[in-house]
Structure formats: C-alpha cells, structure tokens
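Peer 1: Pulled these from TrEMBL:
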- 1-35: region 'Disordered' (REGION)
- 1-13: compositional bias 'Basic residues' (COMPBIAS)
- 19-34: compositional bias 'Basic and acidic residues' (COMPBIAS)
- 96-115: transmembrane segment (TRANSMEM)
- 121-140: transmembrane segment (TRANSMEM)
- 130-269: domain 'DUF6708' (DOMAIN)
Amino acid sequence: MAKKPVNKVKRRASLSASENKKKEQHTENVDTQRPKNPFYRRSVLIPQAKRWQEDLPVQWLEHDVEPNAIWLNEKNDIWLEIPRYENQISWGGGDIFAFLLVPFILYSLICPFIFGMDVIIFLITFPAFVFFLSLFNLLIRMTYHTPRGTPVRLNRKRQKVYIYEHHRSSWNPWIDWPVEVRVFNWDEVRGEITYEAGRYNQGYQLHGAVCQPGTNHVRERFALTWTVGDKEALRELWCYCCHYMQHRPVPETARFAEHPQQWGHIHWPEVFDVESRTAP
C-alpha cells in the first residue's frame, strides 16, 4: 500500500500560558535527570525501559513529524480507538497444526480398544490423549478466540486512555483467559520507543510510560503498538494521539485502510465501554 508523504510540521509561534508552564516544569525535570556526560545516551524516565531507543516529545510540546495513524478502528469528536496487532504463530497456521493433531487424538483414544484393556497401554495412551487434546484446544483457542488486535481508546473529553488487555495462557487451555481494562490520565503518559528482537517480534514498539504527576518516575508502562518495522511511523502515531487529545487537526484516515485478518472478537466490559465512549 502506498505510504502517505511525510511533511514536517511547522512549530507554532507561541504557546499558551498553561503550555508554557508545563514546558518549563518538564524542562526543569529533564535537566535534573540528564547525565552530565553528553555522550552517555539514556532515557530521562526512571526506571529506563528495557531495550530503550528514544524518548518522544511530551504531549504539549511540538513534534517534528506530521500526525499519522497506522490503523484506525474509530475516530469521532469524543473518542479515538487504535488497534495493536501482534505477530504470532497462532494466526499464521495454528489451526493447521491443530487439525494435524486429530489423528493422534483419535489413535490414543481407540488404542486401548484395539490392543486390549491393559494397564500399561492405558498408562501410555491416556496421558498421550490428554496431551494431544490439550494442545489441540490451546491452538484452536489462540487462533479463533484470541483477539489479534487488542485496542486502545483515547477519550479527549475525559482526557483518559483505556487499554484493553486480553490475558491468555501459553500452556493451559482449560482455564479462563480474562480481559482487563487499564485506565490512565493522559497528561501523566509519556511516549517512548523500544526495540524488540525475538522469534515472532522483531522491530520497534511504541510504549506509554505512566509517570507520577510532575516527575519522570514511571509507575506503569503499556504498549500503544506492538512490533513495527518503521520507527518514523511510531513517531507519527504518537504525534497523532497527542494532537487528537489536544483537539488539534489530525487526518481522518490512517496510513493503512485494510486491517490484518483476525477471528477473535473484542468484548469491552460494559462499564468501561460506556465510559470510554462518552463525555463526562
């Protein structure tokens, strides 16, 4: 798909009084946290994120990129929803591997009837049956019941961000996989980019670091996107979120119109679904 041209955003000539105050406070905090050695590069946030790459501008400061979302689920005057797509094997052939296990499940089930009800045969075939059935169930649940793109909602009327988390088990398919919604004040969130290098995740990620008010001390972190190959796209996405929350103009469409395929559905808890989509 064609990538939108990137134009640098001109810096505003002046800031409002409240923005100037926030800028001065932020600059003072940054100056006290920066190492004295100019060649020693590290984050101003404490503690520093693992595999940290760079800190992004604070929400109320100017950005040197154009606002641009990678994908959009919904955008209106009250709330914005962006998906976070993961790259996992469970969406790239997990169902095929699951159905390849069916002959092993059937064989371990009927084996005692073929060779006789022997204790030794039962002790071998029953654990095999449980193992193959559990693996089959795990792959099916991860493929068809786990959402690939868990969303983040930004409500600019409430100035809050809502993080939809789906907690799945990588080994136990017989328990509940619960949904959790984390809620943070937007003005306490700082943007940062990290680098991930793994079997299924290799590239850059955009994270939100939730700081204690007026400080650079991080309480919690959450992902605004999972792995993306282009660091510039993450800078543009952060700029997009900041501009949207400040009621500044942002593009109506995202970089990509088509979304990756997924089977799992998103079910927001009713309380958070209503709160995240309405004004106070």
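Cβ coordinates come from backbone N, Cα and C, glycine included.
In the displayed structure, how are the listed features positioned relative to their neighbours?
Peer 2: Panel annotation: around the transmembrane segment (96-115), residues 121-122, 125-126, 128-129, 132-133, 135-136, 139-140, 143 of the same chain, lying at least six beyond its termini, place a Cβ under 8 Å from a Cβ of the stretch.
Sequence-distant contacts of the transmembrane segment (121-140) (same chain, at least 6 residues past either end, Cβ-Cβ under 8 Å): 90, 94-95, 97-98, 101-102, 104-105, 108-109, 111-112, 115, 171-174.
Per-residue pLDDT, averaged along the domain 'DUF6708' (130-269), amounts to 89 for this model.
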Peer 1: Pull the DSSP breakdown for the domain 'DUF6708' (130-269) and write it out as helix, strand, coil residue counts.
Peer 2: 33 helix, 48 strand, 59 coil
